[in-house]
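Engineer: What follows is a single structure, and I will ask about it in a moment.
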């Protein structure tokens, strides 16, 4: 087994936070002799400790007597999370009891599990593949139900299916090329060369599209950054407070009240959003205010979406630095729409502006929907996603190997070189799914998991 791990040991770890008091705590134990250990530490109140996939109520005991009254759930291999014999102890959530139970298990021959060791055993025992295991960790770390839904869809196997289809395509290309090598045929003719070149180009395109989902997944983890900008007193802070649903930013009639960037993490229709309020952009001799304005210019390139605000009756147009951004990266929002005549509002809507009033709530729902649409539109129909840095790095390597193969093939290099690049790409894809994963990669991956998983 991987360095530092042994599937013979009985391992134990809390499956719930245990350093603070809580109503309940759960302790997880797995290993070939775990149920034998349980019989030495647990006395059922009713009947005997027998069978499997059962729940028992009784007393947890150690050398000093009863520790706590607990509920124990037992699972026999292979029908358990790890594929081994397992049990879970539900006790009172006082750290005193949790630590006493842990110590009694350690004295009986168990050892503390390393981060991710339970899930690692599940992978090695065929209970889940490597991508599903990464999904477990991603679910624990996710911030919204929308994000959890994406992760669960990946757990059903679409990424593995996608990879297997691409590997089959690579194998078919290799088979054609290696037949030429093995049987000493003449060089591939022009028609075949065009066909193989086209298939390689399609492979690269499919993996590039997959790689683009990594940016979306990164934003889902850290939050999509949305910046509010515009001239002073157009209602940026008022709209900011309305969207975060609390008085987070100071609102006054004085221009330049907001001097620095203010941010707040919120959930917007399932997407994690970091909303950023900023100083008003204007010509000023105020040194501190100018520093704030320069920060805005620097932030424009760093955020996922910019909301440019102008007030009702204001002829202010987006400033040049904003117009340098792609159109899909910014929205023109007309604030104080309750002060705008209805016919004027319609004209502004036709110009592509979204009219809102933070005072009355008018247009806020539509604004939120448009923000979510802009942030997710490129990926809403995507069936497969990359959910972490390891997956992103592997797909980057695959793309590079396929691109090398395509470039060399296009320049007329020998088939042996092309086949070597394709072999490397296939090996990387095997590491992605865990089918050809080496032990040190498993160690690094599972070290990022929490205890008890």
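Just so you know, glycine gets a Cβ as well, placed from its N, Cα and C.
Automatic, uncurated: that is what TrEMBL annotation is.
Below, the features straight out of TrEMBL:
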type    : residues                  : note
BINDING : 28, 88, 127, 453          : (6S)-5-formyl-5,6,7,8-tetrahydrofolate binding site
BINDING : 233-238, 252-258, 277-280 : GTP binding site
BINDING : 233, 252, 254, 257        : K(+) binding site
BINDING : 237, 258                  : Mg(2+) binding site
DOMAIN  : 11-127                    : domain 'GTP-binding protein TrmE N-terminal'
DOMAIN  : 130-450                   : domain 'MnmE helical'
DOMAIN  : 225-312                   : domain 'G'
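Give me the structural setting of these features: burial, nearby parts and distances.
Structural biologist: Around residue 88 ((6S)-5-formyl-5,6,7,8-tetrahydrofolate binding site), the same-chain residues at least 6 positions away in sequence with a Cβ under 8 Å from its Cβ are 15, 26, 27, 28, 29, 72, 73.
Around the Cβ of residue 236 (GTP binding site), 30 further Cβ atoms fall within 10 Å across all displayed protein chains.
DSSP classifies residue 233 (GTP binding site) as coil under the three-state reduction.
Counting every protein chain shown, 23 other Cβ atoms lie within 10 Å of the Cβ of residue 237 (Mg(2+) binding site).
In the predicted model, the domain 'MnmE helical' (130-450) shows an average pLDDT of 81.
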Engineer: Using the alpha carbons only, what distance in Å do you get between residue 279 (GTP binding site) and residue 237 (Mg(2+) binding site) once rounded?
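Structural biologist: Here the two Cα atoms are 9 Å apart.
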Engineer: Could you give the Cα-Cα distance between residue 127 ((6S)-5-formyl-5,6,7,8-tetrahydrofolate binding site) and residue 236 (GTP binding site), in whole Å?
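Structural biologist: With the alpha carbons as reference points, the distance is 52 Å.
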Engineer: Identify which of the binding-site residues 28, 127 has its Cβ surrounded by the largest number of other Cβ atoms within 10 Å, counting every protein chain shown.
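Structural biologist: Per the Cβ count, the most surrounded site is 28.
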Engineer: Suppose we draw a 10 Å sphere around the Cβ of residue 279 (GTP binding site). How many other Cβ atoms does it contain, all chains included?
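Structural biologist: The answer is 27.
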Engineer: I'd like the per-state residue tally for the domain 'GTP-binding protein TrmE N-terminal' (11-127) from DSSP, helix first, then strand, then coil.
Structural biologist: 29 helix, 45 strand, 43 coil
